[in-house]
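Accompanying notes for the structure given below.
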Amino acid sequence: MLSNSAHSYSYEECKTISDWLLAHTEVRPLVAIVCGSGLGKLAEMIKDPVILKYKDIPNFPQSTVQGHAGQLVFGTLQGKHCVCMQGRFHLYEGYSIQKITLPMRVFKLMGVHTVILTNAAGSLNPGYRVGDIMVIKDHINMPGLSGNNPLVGPNDDRFGTRFPCMSDAYDRKLRQLAQEVGAELGFSDFLKEGVYFVLGGPSFETIAECRMLHMLGVDAVGMSTVHEVIVARHCGMRCFALSLISNEAVMEYTSQEKANHEEVLETGRVRAGQMEELVSTIVSRLEEYSAC
Ligand SMILES: O=P(O)(O)O[C@H]1O[C@H](CO)[C@@H](O)[C@H]1O
């Protein structure tokens, strides 16, 4: 199953998976939610869940990372039909970049118009604290800058244009809505907005790399989300993304701090409740905004 070959899924292959899923649930999702590391509890918000394990879905990749359960949860959230990815795929698991983003095209074919992505990330912004939630306003795509972009390969116009715009990747109205909802919920002290930097992983950054990212104006760093957003935007879905700041980047050679996945998962457990409140309130207000 672990393969790094640049296998691109055809429109027909995506359609076959989408049709299989539609045949196994009566839910017709309009919203997709992607759970980041340690944030799988978000899926517990889904009412009347129909759970389909990745291992049972034909041609679907498998989750290999601790904190990613490996199943799709279909159901309703605030009365809206949703699908929740309890477990996402990362480049460092050895999958091709087309494979880790496959679910986005499948969701599009199922009828999804809005994708809400979450992740755990390390902070570069000295004003951020562990436990802060950052609304992503923009990204820097390190693998993409060197040619590893999920849209590399033949373009199928049924999904989208050859050269998609990314200056509007993170929906402005939804970012605004998140700030409004955050203020109403009393989250303003720990709700931030910033730039997410994606790198390949799985090793965490060196001190020199963290200093470079800081100089670039990066607010948070992680190993996911951006590839999914590029594919989702390519096929016209609206994207909104949240980073839970799980650790602070180590910037000093005298520091004893060491980034580690256990701390990442633990921060998810501590902030799970607030992440749920934020996401579910945003979903409850989605009809105030028209899909793109
Ligand atoms: O981005 P998510 O899936 O939340 O996971 C983050 O947490 C892991 C590192 O602890 C990396 O996979 C990083 O990308």
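Even glycines carry a Cβ here, placed using N, Cα and C.
For the phosphate site that TrEMBL gives as Ser37, Arg88, Phe89, His90, Ala120, Ser224, the extra residue drawn from His68, His139 is His68. Listed binding-site residues: His68, Phe89, His90, Glu205, Asn247. Those with a CB atom under 6 Å from ligand 1: His90. Between the CA atoms of Arg88 (phosphate binding site) and Asn247 (purine D-ribonucleoside binding site) there is a gap of 20 Å. For Asn247 (purine D-ribonucleoside binding site), the spatially nearest entry among the binding-site residues Ser37, His68, Phe89, Ala120, Ser224 is Ala120, judged by CA separation. One way to see the shell of the phosphate site is to take the Cβ centroid of Ser37, His68, Arg88, Phe89, His90, Ala120, Ser224; the remaining same-chain residues with a Cβ within 8 Å of it are Gly36, Val65, Gly67, Gly87, Asn119, Met223. When pLDDT values are averaged over the domain 'Nucleoside phosphorylase' (31-283), the model yields 96.
Looking only at Cα atoms, Glu205 (purine D-ribonucleoside binding site) sits nearest to Ala120 among the binding-site residues Ser37, Phe89, Ala120.
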